[in-house]
Amino acid sequence: MILYPLSCFHECENPSVSETLSNFLIAPAIMTGIALFFGVVLAVAYKFLKVEEDPRISTTEDLLPGTNCGACGEPGCLPFAEALVDGSVQPSGCTVADENTIDAIADFLGVDAGQADKQVARLKCAGGKSQAFQIAEYDGFESCRAAATVSGGGKGCSWGCLGLADCEVSCDFDAIHMNANGLPTVDVDKCTACEDCVEACPKDLFEIMPLSQKLYVQCNNPLEGDAVTVLCSVGCDACGKCAADASPGLIEMRNNLPAIDLDSGAPMTEIAIKRCPTNAIQWLEEGQFTRQPSEQAESEKRYAQLH
């Protein structure tokens, strides 16, 4: 065993301990100094650079329904409230709010409530279980999107509604329910035109339309003649009778389907639907799929008597 003098031990150990302790204290001190420096910089920047928010924005947002559905065209209720305060939109732009809410917002901001043509979701298909031919039975996860990946879901018409209610599930306003014929019916009073159903449908069958547009084509099949009717009894066979009977310039056949030009200025009347052999084009007073076949047959009979 080798013995060292005690003085040597202290001389050798103390510098190492002192250096370690010094390093241990210096690092936190530097970090604290940096944090304090940037804290002061941020505090000064906030004081001189902050933008004062108009207090009316918060109150206006509180008056809105708070659904953040985006139907107004803004990403949420806060951006819409900001747009209201800045005057770039009108209160009636909120399709979820009722008349009392819209009036309250208009009174608070001292602006005109505005007039908005109510928008609703429409389905470009009327081929339910009773009308559309099935080439296979889908037995899988109850979802249109899932079924669409498996041979199109089993429906003969590749462009038709699969009827598995993805749209109903997506609707936060209880505005869509599947009927007994396997088609989604939209409650026009509850519909806010939020477009959730548009995004949910894998066949792109939903579109947002003005409720005032009563003439509507309930078909999305681009084929023609027997190629359509063999798959669906209410499909458009591209006969063109609606375009011929409608006011000049109102309807034009495009891709074997009637295209209605809302900007044409041509008067829109029921005359366009009278000779449709499959009832693919309809005159909608309110929601879809409410007109009974007997009513359609009677209207065709009256038209035949007049012509």
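In case you wondered, yes, glycine gets a Cβ from its N, Cα and C as well.
Owing to the predicted nature of the structure, the values given are computational and were not obtained by experimental measurement.
TrEMBL lists 1-46 with the feature region 'Hydrophobic'. Among the features that TrEMBL reports, transmembrane segment is placed at 24-46. Taken from TrEMBL, the feature domain '4Fe-4S' applies to 52-111. Per TrEMBL, the feature [4Fe-4S] cluster 1 binding site maps to CYS69, CYS72, CYS77, CYS94. The feature [4Fe-4S] cluster 2 binding site is assigned by TrEMBL to CYS157, CYS161, CYS167, CYS201. Sequence annotations record features per position, and here TrEMBL assigns [4Fe-4S] cluster 3 binding site to CYS171, CYS191, CYS194, CYS197.
Sequence features, as recorded in TrEMBL, placed on the structure.
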residue	record	DSSP (3 states)
CYS69	[4Fe-4S] cluster 1 binding site	coil
CYS94	[4Fe-4S] cluster 1 binding site	coil
CYS157	[4Fe-4S] cluster 2 binding site	coil
CYS171	[4Fe-4S] cluster 3 binding site	coil
CYS191	[4Fe-4S] cluster 3 binding site	coil
CYS197	[4Fe-4S] cluster 3 binding site	helix
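Nearest by CA distance to CYS77 ([4Fe-4S] cluster 1 binding site), out of the binding-site residues CYS157, CYS167, CYS194, CYS197, is CYS194. Taking Cα separation as the measure, CYS191 ([4Fe-4S] cluster 3 binding site) is nearest to CYS94 of the binding-site residues CYS94, CYS157, CYS161, CYS201.
Closest to CYS194 ([4Fe-4S] cluster 3 binding site) in space, going by CA atoms and restricting to the binding-site residues CYS72, CYS94, CYS161, CYS201, is CYS72. A straight line from the CA of CYS171 ([4Fe-4S] cluster 3 binding site) to the CA of CYS69 ([4Fe-4S] cluster 1 binding site) spans 10 Å. The binding-site residues under consideration are CYS72, CYS77. Their Cβ neighbour counts within 10 Å are lowest for CYS77. Closest by Cα distance to CYS167 ([4Fe-4S] cluster 2 binding site), from the binding-site residues CYS69, CYS72, CYS94, is CYS69.
Within the set of binding-site residues CYS157, CYS161, CYS197, CYS201, the entry lying nearest in space to CYS72 ([4Fe-4S] cluster 1 binding site) is CYS197 (CA atoms). Here the Cα atom of CYS201 ([4Fe-4S] cluster 2 binding site) is found 17 Å from that of CYS69 ([4Fe-4S] cluster 1 binding site). Note on CYS194 ([4Fe-4S] cluster 3 binding site): other Cβ atoms within 10 Å of its Cβ, all shown chains, come to 24. When averaged over the domain '4Fe-4S' (52-111), pLDDT in the model lands at 91.
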